[in-house]
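Copied from Swiss-Prot, the annotated features are:
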BINDING   GLY133, SER134, SER135, GLY136, ALA137, GLY138, LYS139, THR140  ATP binding site
COMPBIAS  19-29  compositional bias 'Low complexity'
CARBOHYD  ASN472  N-linked glycosylation site
CARBOHYD  ASN645  N-linked glycosylation site
REGION    1-33  region 'Disordered'
Amino acid sequence: MTINTDDQYGDAESKTTISSSRRYSSSSYQDQSMDDALNTTLTNDKATLIQVWKPKSYGSVKGQIPQCERLTYTWKEIDVFGEAPTDGKPREPLCTRLRNCCTRQRKDFNPRKHLLKNVTGVAKSGELLAVMGSSGAGKTTLLNALAFRSPPGVKISPNAVRALNGVPVNAEQLRARCAYVQQDDLFIPSLTTREHLLFQAMLRMGRDVPASVKQHRVQEVLQELSLVKCADTIIGAPGRIKGLSGGERKRLAFASETLTDPHLLLCDEPTSGLDSFMAHSVLQVLKGMAMKGKTIILTIHQPSSELYCLFDKILLVAEGRVAFLGSPYQSAEFFSQLGIPCPPNYNPADFYVQMLAIAPAKEAECRDMIKKICDSFAVSPIAREVLETASVAGKGMDEPYMLQQVEGVGSTGYRSSWWTQFYCILWRSWLSVLKDPMLVKVRLLQTAMVATLIGSIYFGQVLDQDGVMNINGSLFLFLTNMTFQNVFAVINVFSAELPVFLREKRSRLYRVDTYFLGKTIAELPLFIAVPFVFTSITYPMIGLRTGATHYLTTLFIVTLVANVSTSFGYLISCASSSISMALSVGPPVVIPFLIFGGFFLNSASVPAYFKYLSYLSWFRYANEALLINQWSTVVDGEIACTRANVTCPRSEIILETFNFRVEDFALDIACLFALIVLFRLGALLCLWLRSRSKE
């Protein structure tokens with residue numbers, strides 16, 4: 001098929017007339033209001049600039065956005081490169097990678113692939129702009145670049161300019177005025193819709209906004225996005241916990257981002273995984289936001305013709321280049337002038353995506369077609385108009401006005417204080433613990449069943465030669481059970497929540513330390529209740545040392561072990577990239593510490609090259625403390641001899657057999673506390689490094 005690149009598409013005046021009268025417009029005020037918004041922001045009057053960026057009040061969801069507060073987002077010369085492959089190249093030392101991560105410095109790399117090539121565009125207030133293209137065309141890459149959220153290993157050219165109302169912005173300035181709804185919906189499954197939005201409102205809205213205003217704002221958003229009927233329904237997890245439907249989850253994601261009433265909204269594949277009805281309802285919500293004056297940019301793979309009619313502008317991307325940017329009416333005219341008109345009664349979106357896709361076995365022909373289409377658009381009057389609009393960034397503007405403090409945002413870039421962040425994380429984590437049956441009911445039932453089984457096996461031990469060995473084995477089994485039960489419980493729960501943390505941290509909802517402290521403190525009562533149930537059942541059944549002091553000491557030691565193993569589980573979870581990896585790493589790492597516990601290998605027989613590693617074994621300190629508590633007060637003759645020609649064991653001999661000393665009891669307790677602190681600090685460091693690597 002031959003493309004005619006000599007035809008023109010009419011002058012700007014006729015094109016404006018066609019655009020303003022096209023049937024895709026939602027209301028007659030949009031074209032005039034968008035032109036007025038752009039002209040207003042291009043003035044040199046500083047008073048006008050101050051008016052544009054003045055703090056707005058919350059709760060304007062249902063009303064029109066004032067003209068002075070509307071945003072036009074422009075971008076120019078966006079070039080994005082992928083990271084060079086490392087095959088055959090030596091990897092940097094660990095210390096170098098840690099230093100680079102801490103200082104946010106990355107090594108230079110040679111471009112592997114030119115992902116986006118000189119992309120320029122504009123999105124005006126009151127418009128719903130849809131970015132379309134085939135898989136791998138660069139839609140999500142472009143949206144990430146516009147949101148300043150490109151993943152690690154992706155480099156954006158320094159010449160790229162992103163501007164709001166003609167004023168160049170950086171990541172912090174855009175984040176304060178923009179919301180980004182990502183493709184994957186990540187929530188805490190056990191929370192209700194209202195609880196999730198209350199948590200988001202407490203952290204997203206300004207620190208000076210009263211709590212009553214935040215609660216009122218949550219109710220407003222629930223009504224605006226038709227979430228009132230499911231406000232008290234748990235969110236759930238698809239395929240695991242019954243909860244919200246796909247459309248409700250997507251609207252909840254919008255609700256979370258629109259609590260602060262941002263005037264610029266970026267959405268990555270908002271209809272992904274939804275049926276046609278749900279997809280239409282979601283886009284109707286976005287269309288309604290645009291009609292009120294918001295600027296909406298979304299990516300969509302292949303919309304139906306019904307959805308296509310909702311778009312005010314479309315941006316076609318192919319092979320990292322802009323193939324078209326304009327109204328649906330202009331797109332039909334553009335492709336007709338090229339000699340490839342959309343057939344009658346055919347979905348234009350399907351037609352454009354097919355024309356810009358790389359078909360198997362026809363790569364060269366398809367790439368040649370894409371190149372001709374992109375080249376034709378680059379020299380068209382539509383592209384020149386877009387370039388002129390995007391080129392005004394910084395002209396006649398006094399950039400320091402963009403650097404003024406946004407309402408409610410502190411000097412650290414967070415909208416809420418440290419204490420508010422900690423309180424909200426603690427509140428959400430505590431609700432999650434109480435409402436998740438796997439965390440409380442199932443774990444306590446499991447603990448009671450295991451304790452009853454162990455108590456039945458070792459039931460009624462007497463103080464003789466066999467009883468001493470059995471009691472020593474049962475006490476070490478206390479430690480083994482507490483360790484594996486809590487390590488795997490933490491890995492399954494904490495690792496599953498890490499993606500939510502990483503996304504919320506990148507949105508600057510809270511700090512790493514507030515999240516870690518709030519999360520671990522909220523789960524602390526559970527890790528006290530589990531050893532209490534276990535010890536209270538097994539201790540009397542086995543017949544361990546009588547007396548409240550001995551029982552409470554055993555309970556205290558077992559509780560310490562439960563929290564040491566929990567801390568170690570946090571460390572493994574934060575250092576692992578996935579749940580499967582953490583579950584695979586956990587047992588091999590725990591086994592050496594178990595061997596160094598003194599039951600399988602005498603502490604005096606530990607090889608010299610493993611001596612320092614044995615100091616990190618909580619089995620060693622806890623086993624010694626438990627045996628001291630059990631045998632140190634046993635007097636001579638209390639242990640009976642049931643077999644002839646056998647020396648009756650004494651308490652000193654029992655402890656010396658393991659190379660344990662009574663005077664080390666206090667040191668053992670101190671070491672258990674030290675390991676809790678050490679492992680949790682290590683987990684916090686790993687969590688901080690992971691969050692930094694994602695920014």
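Using the three backbone atoms N, Cα and C, a Cβ is placed for every residue, glycine included.
Feature map: Swiss-Prot annotations on the structure.
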residue : record                      : DSSP (3 states)
GLY133  : ATP binding site            : coil
GLY138  : ATP binding site            : coil
ASN472  : N-linked glycosylation site : helix
Completion exercise
Same-chain residues at least 6 apart in sequence with Cβ under 8 Å of the Cβ of THR140 (ATP binding site), in sequence order, are GLN183, ASP268, GLU269, THR299
Problem - Rounded inter-Cα distance in Å - SER135 (ATP binding site), ASN472 (N-linked glycosylation site) - result: 63
Fill in the blank from the handout: The most crowded of the recorded positions SER134, SER135, ASN472, judged by neighbouring Cβ atoms within 10 Å of its own Cβ, is SER134
Exercise for the section: Compute the centroid of the Cβ atoms of GLY133, SER134, SER135, GLY136, ALA137, GLY138, LYS139, THR140, then list the same-chain residues not in that set whose Cβ lies within 8 Å of it, in sequence order, for the ATP site. Expected result: THR141, VAL317
Fill in the blank from the handout: When the binding-site residues GLY133, GLY136, GLY138 are compared by other Cβ atoms within 10 Å, fewest goes to GLY136
Fill in the blank from the handout: Ordered by sequence, the long-range same-chain Cβ contacts of LYS139 (ATP binding site) under 8 Å (at least 6 apart) are VAL131, MET132, GLY133, THR299, HIS301, VAL317
Problem - Tertiary neighbours of ALA137 (ATP binding site) (same chain, Cβ under 8 Å, six or more apart) - result: VAL317, ALA318, GLU319, GLY320, LEU356
